[in-house]
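Per Swiss-Prot, motif 'DDXXD motif' is recorded for 316-320. Annotated Mg(2+) 1 binding site per Swiss-Prot: ASP316, ASP320, in sequence order. If you look up Swiss-Prot, you'll see ASP316, ASP320 marked as Mg(2+) 2 binding site, on the strength of similarity to another entry. What Swiss-Prot records for GLU469 is Mg(2+) 3 binding site.
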Amino acid sequence: MANAISNPASFIGVHSPIAQIRIPRLCVAKGMPTPIAQRDIILQDQIQLENTCIRHAKALKEARLAFSKVRKDHSQNLIMIDALQRLGIDYHFQEETQDVLEGQYNKIFAAHQQHHLSDAALRFRLLRQQGYYVPASDVFSELKNREGKFKQELAADIKGLMELYEASQLSIQEENILDEAGAFSAHFLNCWTPHLCDHQTRIVSNTLKHPFHRTLARSTIKNFLHFYNFQGENEYIQTFTELAKLDFNMIQSIHRQEINQVSNWWNNLGLASELKFARDQPEKWCMWPLVGVTDPSLSWQRIELAKPVSLVYLIDDIFDLGGTPDQLTLFTEAVNRWEITATEDLPYHMKICFRALYDVTNQIAYKVYKKHQYNPIHSLKKAWARLCNAFLEEAKWFAAGKLPKADEYLNTAIVTSGVHLVLVHTFFLMGDGITDQTINLLNNDDPGIISSVATILRLWDDLGSAQDENQDGYDGSYIECYMKDFPGTSVRDARNHVISMISDTWKKLNQHCLSPNPFSGSFIRATLNGARMVPLMYDFDSNHNLPILQQNIKSLLFESVAI
């Protein structure tokens, strides 16, 4: 991992000729580069690559030297690791970071010592993020008074309050002290903001709105680059920011090429022209693998993962808009049998959709086998069958005008979110931790780490009873089912209940990410990034558009960092 991007030329521009560059449809929204400008950007990537590689290698060498010096300073090494994570360059230092945090964990239960609020909260958060279980009560109880309340003098420590709020996001179930810590820190940070300068207010507000653990790190790198420009007291920060700028631009170039390749695949597939009722947004769908699988060296894996993600959206639209109950039943049977001949009685658009699904899945299984010496076809087929069976169940409900019980709806809707299907593909494409135990968990159970992400996605989607762009179908929502189960419940109360469920599910997800864990650290990070991506994908405006997602696409793909 430390050398994941030592040869960026192996990722950028070697898979698709310039003549095949096509213009992403999503990226012509207001404020996006024009189609010609986008083509010029991709051309420029290749022209500037050699110089960027040289500068990046030099910056990485200097950053490693800075890390080796600062790691010996126990007053700074946690601050340094936090900076690396926020600047998006921590993947270069994974082994070194693990060594530092293991040392911190081993001594955390040593003789009782007084710590500053910010130090204690930062250590707790970094260890929890790394999978270590640190009892919250052991860390934060000493910050309370005799009445069991957080000490009032802590309210004067703005930095400490920010770290305390960040730490509270790592809470697990029945950890009341972290719930109290989150409420306490949020209250006083909000009290402070009217009295701070503009720059400080932006930092505090950003912490409250986008706590690090629940936010895609890559989407906030630019904010932290700006922030650290104001924090010059640690000279190693400047070294890290120089690397972060080069790293951001280099990975941006990789992602532009990946989206171009997926667009070419989608256009050549031809399904969009045959299924005009379905969504046609491959560039939007690409964002799932781009933010989930963050290791720059896993470029082909992201490209392949975008294919089943696209097919999930397409097949979802077929079940919502593109077939009769009998046709959908036959389609589901074909997926369960996994036979081309089973589609003979289906309409043409369903035949070609199944053929695309069949071919893509078999191709991915073959590539996984070549790379990791394991053939996952059984697991992939089973995941698709499970998804389509759930789609069919929902289609039958709504064709009959039936509104199921809330729990019954959610159990099925968690599957139709597509999260399990996508994360099964992610697991095998990444190839880390393929064991009998993990395979059995994926095939026969619904691992909590996956079902938690699926629950968060489904509830976020249903929170606004959101309709996706250009989609006219109706498939109910948890809120409607809940209000039917509990007559007299207002929409506001139902929404508050869903918000509470999302918060509780995040606690479950945090629990499932702690060690010991049968899944690899890289897969755990991918699942967490899926949960972090959800608010961007489902934050619809009144016109059923996604302005925040579009702004993130613009920032991540087309707005480079000045060096």
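Here the Cβ of each residue, glycine as well, is placed from N, Cα and C on the backbone.
If you look at the motif 'DDXXD motif' (316-320), the same-chain residues 6 or more away from its ends with a CB under 8 A from one of its CBs are 275, 277-279, 328, 331, 349-350, 353, 388, 391-392, 394-395, 416, 418, 471, 473-475.
Under DSSP, the residues of the motif 'DDXXD motif' (316-320) split into helix, strand and coil as follows: 5 helix, 0 strand, 0 coil. Sequence-distant neighbours of ASP316 (Mg(2+) 1 binding site): residues of the same chain at least 6 apart with a C-beta under 8 Å from its C-beta are PHE391, THR416, GLY418. Note on the motif 'DDXXD motif' (316-320): mean pLDDT across this stretch is 95. Around the Cβ of ASP320 (Mg(2+) 1 binding site), the number of neighbouring Cβ atoms within 10 Å comes to 21.
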